[in-house]
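Structure first, commentary second.
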Amino acid sequence: MNEKTKQPLSFMGVFAIMLASSLTIMVGEALTSALPAIGRHYAMTFSTSWLITVPSLGVVCGALGTGKVLNRFGAYKTICVGLFFYALFGVSGAVMPNIGVELLDRFLLGMACAAVMTSSTSLISEFYHGQARLKMIAVQGMAIEMGGVIFLSLGGVLTEIAWNASYLIYLIAAAALILILAFVPKQAPAYDGEEIDQTKALKSGQSGISVVLALAFISMLTFFTAIVSLPVYIQTDMGYSAAFSGIYLASISVVAVIFAGFMPKFVGRTSAKCSLTVSALCFTVGHLLYFVALNHHGLLFAAAPIMGIGFGFSTPLINNLTVERSTPETKARNLSGYSIAQFSGQFVSSLVVSAVAGSRTYLLAAALGLVNLAVAGLVFDRERKKLL
């Protein structure tokens, strides 16, 4: 079976899709450095973290209808429209008259992000298949993490210029739109292995996709519990600077990028189940290290690469499993479900951090890592399987 399409995307076509994919991680977090300044500008009487949380809610709500939009208009039109509104709602946030309208704008931005996130993966699945698709989705995971590193750093620089300058980051969506219109074909070439892929998906069944989506939710909940809580933990409880906490979080993303690139080879030599098991164990060990790091600061530096490995070995793979266990008729719905699971995990992580104080957060997250391990065991049976 030929795993590649007859006319694979050009380098610029791949770059365009990866640039669009990188926007998803920064839909809320792009303004992190500017939150204090935005709070002062609007004289906010409640937590500025809602500026980060509301886009996640928008993604969840937007993803509910994205599957139907994909089925009706296709991935190409969906990503183009999504990128247009992503840029529009993102930049317009800089000139909103009050915080109420600002939060509405952020919610609509999240809905546009849902379209971009779902359709970008759908485009990859149309042009690449089997092992080639797994490699491209791994590259997508690397692009998403690098987007977090680069764009969040850029946001800090822009915030030094003006309180609302960091909103200009969202114009990257306009650049991605132009590149997709110029370099990505509107229609993917026919793939003669489609019937085989459909048979594999049907054998896995919709119950299989339900377990995969549950794993996506728990993995993101476990990982983002650390990401959301670490800035306060590092600065307030451990006494490090804000600059240090930013660099520390970026280091986790860098490790995640490296191991997301290595993941397809690891899966090829072992199995997808093995990769997910390693990821769950890394999340558990990483959170346990954070729990004891308050009195042993050196463990903080051991935990960062472990958490990065956990993310790199799980998120791109779960994304690929979602595609692999879908038929053409169910792919759009399943990818929408994947978006909902991911961003629901991010949103719930904020609630967990708010409800559980101090280092006890990491004990709870370590327990979630064990749940992650149990769910990963349900994704496959005991028979050693490889992604083809």
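In case you wondered, yes, glycine gets a Cβ from its N, Cα and C as well.
Sequence annotations record features per position, and here TrEMBL assigns domain 'Major facilitator superfamily (MFS) profile' to 8-384.
If you look up TrEMBL, you'll see 9-28 (among others) marked as transmembrane segment.
Taking Cβ pairs closer than 8 Å, the transmembrane segment (48-67) reaches residues 27-29, 31-32, 35-36, 38-39, 78, 102-103, 106-115, 117-119, 332-337, 339-340, 343-344, 346-347, 350 in its own chain, all 6 or more past its ends. Sequence annotations record features per position, and here TrEMBL assigns transmembrane segment to 48-67 (among others).
Feature annotation from TrEMBL assigns transmembrane segment to 79-101 (among others). Sequence-distant neighbours of the transmembrane segment (79-101) (same chain, 6+ residues past either end, Cβ-Cβ under 8 Å): 20, 23, 27, 30, 42, 44, 73, 108-109, 111-116, 119-120, 123, 164-165, 167-174, 176-177, 180-181.
Annotated transmembrane segment per TrEMBL: 107-125 (among others), in sequence order.
Residues or ranges marked as transmembrane segment by TrEMBL: 137-159 (among others).
Long-range neighbours of the transmembrane segment (165-184) within the same chain, counting only residues 6 or more positions beyond its ends whose Cβ lies under 8 Å from a Cβ of the stretch, are 9-10, 12-13, 15-17, 19-20, 22-23, 26, 30-31, 33-34, 76, 79-80, 83-84, 86-87, 89-91, 93-94, 109, 116, 123, 151, 154-155, 158-159. Residues or ranges marked as transmembrane segment by TrEMBL: 165-184 (among others).
Among the features that TrEMBL reports, transmembrane segment is placed at 209-234 (among others). Long-range contacts of the transmembrane segment (209-234) within the same chain: residues 240, 242, 244-245, 248-249, 252, 276, 279-280, 283, 286-287, 290, 300, 307, 310-311, 314-315, 318-319, 321-322, 325-326, 330, 334, 337-338, 340-346, 348-350, 352-353, 358-359, 361-362, 364-365, 368-369, 371-372, 375-376, 378-379, each at least 6 residues beyond the stretch ends and with a Cβ under 8 Å from a Cβ of the stretch.
Sequence-distant contacts of the transmembrane segment (240-262) (same chain, six or more residues past either end, CB-CB distance under 8 Å): 33, 138-139, 141-142, 145-146, 148-149, 152-153, 156, 227, 230-231, 234, 300, 304-305, 307-309, 311-313, 315-316. Residues or ranges marked as transmembrane segment in TrEMBL: 240-262 (among others).
Here the transmembrane segment (274-293) has long-range neighbours at 215, 219, 222-223, 225-226, 230, 233, 238, 263, 266-267, 299-300, 302-303, 306-307, 309-311, 313-314, 317-318, 359-360, 362-363, 365-366, 368-370, 372-373, 376-377, 379, meaning same-chain residues at least 6 beyond its ends whose C-beta is under 8 angstroms from one of its own. Summarising the annotation, TrEMBL assigns transmembrane segment to 274-293 (among others).
Here the transmembrane segment (299-323) has long-range neighbours at 121, 125, 133-134, 137-138, 140-142, 145, 209, 212-213, 215-216, 219-220, 223, 226, 234, 238, 248, 251-263, 266-267, 272, 275-276, 278-283, 285-287, 289-290, 292-293, 331, 334-335, 337-338, 379, 387, meaning same-chain residues at least 6 beyond its ends whose C-beta is under 8 angstroms from one of its own. As annotated by TrEMBL, transmembrane segment applies to 299-323 (among others).
Annotated transmembrane segment per TrEMBL: 335-356 (among others), in sequence order.
Residues or ranges marked as transmembrane segment by TrEMBL: 362-380 (among others). Outside the transmembrane segment (362-380), and at least 6 residues removed from its termini, the chain residues within Cβ reach (under 8 Å) are 208, 211-212, 214-215, 218-219, 221-222, 225-226, 229, 271-273, 276-277, 279-281, 283-288, 290-291, 321, 352, 356.
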